[in-house]
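Note sheet for the following structure.
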Amino acid sequence: MSNQDYKVADISLADWGRKEIKIAESEMPGLMETRREFAAQKPLKGARIAGCLHMTIQTAVLIETLQELGAEVRWSSCNIFSTQDQAAAAVAANGTPVFAWKGETEEEYWWCIEQTINGPDGWKPNMLLDDGGDLTAVIHEQYPDMMKDIYGVSEETTTGVHRLYEMSRKGELGMPAFNVNDSVTKSKFDNLYGCRESLVDSIKRATDVMIAGKVAVVAGFGDVGKGSAQSLRGLGAQVWVTEVDPICALQASMDGYKVVTMEEAAPVADIFVTATGNYNVITHDHMKAMKDEAIVCNIGHFDNEIDVASLKQYKWDEIKPQVDHVEFPDGKKITLLAEGRLVNLGCATGHPSFVMSNSFTNQVMAQMELYNNPGKYEKDVYVLPKHLDEKVAALHLGRVGANLTRLSEEQAGYIGVSVDGPFKPEWYRY
């Protein structure tokens, strides 16, 4: 490996990965159309992007889109279990410095991020693309002198966006940041429709359990929780929801879910899913109260929504990779998936390509906006303008056979919009 500018599990998986990438491209019209529109202009020529985002097949299509638009890219995964090794191999074999494999240790995880920051021949990033905020944090904490040369960061997920707003509030944000998560075509699609498909896929792959008839608890009823609850109910589970926010709790009630506390649910439910972005949502006491063989998993970004650390004192029995029995002193076992990390990427392959095309097209738009407009943005957090959000949606309509109605000039004037959009004000909630 000493003379190779990548580290993956098995480079021989590249051909398999390339075949899967080709299939994904047909399901990712937003990215492919963006390539066609901008490839000749090379709007990212000169951009040196350090990326830290789940190294999946879909991410491979994102990486190669950025490269088609002129960027140099170095990449790591933002989760120790989320890499698809065939995807990493295919990207590495194509000449991209990628440092990611499924089952990294914590130490290896941080080493991989480090490789994306410091490349050969003095290579340093001038753009960041992050998921969860770890790359951004490393730059701020360990490489503050580098920030003067970085145009900005685009952040993928709710947790990372929260970290950015906290840094901004404290005056600690050292570069402009785009909150990609809160583009409508990300949060209302990836977070909701993506989780609606990938959660049950991961539980099924991990356990083969019958979901119908089970009591399933979803902690958190944001977009991720909404999609998770829908998926479990769709397979016949009785779905309960825990919430701290009265608005979300009322939404859950109006959607027909029973809103309970985790203390009420713990002794009764069969399946537990955390989707809050908070920590210690399922505590040691909750797990002690659970039934034998209860299934416990997390679909939020970090692994601390479930107090997994408190379980280390007990006996663990690995059933298969990312599926563990944890045995309590009384002999009761719970089934913990992906060690409390993102279950849909630890036990399955994440969201489908089509919905990730929405999210990743937003990422490309954000990268182009930041790189091509130096000095336009302060060291603060921004969202993409409405017309770009609508453009991302429009790029995907043909793939699902949707035909838009066009306003007449009179109709557009009546509601005070252009016939070409944007069609909603910035504050519209969808």
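Glycine is no exception: its Cβ is also placed from the backbone N, Cα and C atoms.
As given in Swiss-Prot:
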type	residues	note
BINDING	THR56, ASP131, GLU156, LYS186, ASP190	substrate binding site
BINDING	157-159, ASN191, 220-225, GLU243, ASN278, 299-301, ASN344	NAD(+) binding site
Distance [Cα-Cα, Å, rounded] between GLU243 (NAD(+) binding site) and ASP190 (substrate binding site): 21
Minimum Cα separation from VAL224 (NAD(+) binding site), reported as the residue among binding-site residues THR56, ASP131, GLU156, LYS186, ASP190 that achieves it: ASP190
For substrate: widest Cα to Cα gap among THR56, ASP131, GLU156, LYS186, ASP190 in Å: 17
Residue among binding-site residues THR159, GLY220, GLY222, ILE299 with Cα closest to the Cα of THR56 (substrate binding site): ILE299
Candidate binding-site residues ASP131, LYS186, ASP190, pick with smallest Cα gap to THR159 (NAD(+) binding site): ASP131
Cα separation, ASP190 (substrate binding site) to GLY220 (NAD(+) binding site) (Å, whole number): 16
DSSP-derived class (H/G/I helix, E/B strand, else coil) of GLU243 (NAD(+) binding site): coil
Spatial neighbour of ASP190 (substrate binding site) that is closest, considering only the binding-site residues THR157, GLY222, ILE299, HIS301 and their CA atoms: THR157
Pairwise CA distance, ASP131 (substrate binding site) versus ILE299 (NAD(+) binding site), rounded so that it is a whole Å: 14
Least buried by Cβ count (within 10 Å) of the binding-site residues GLY220, GLY222: GLY222
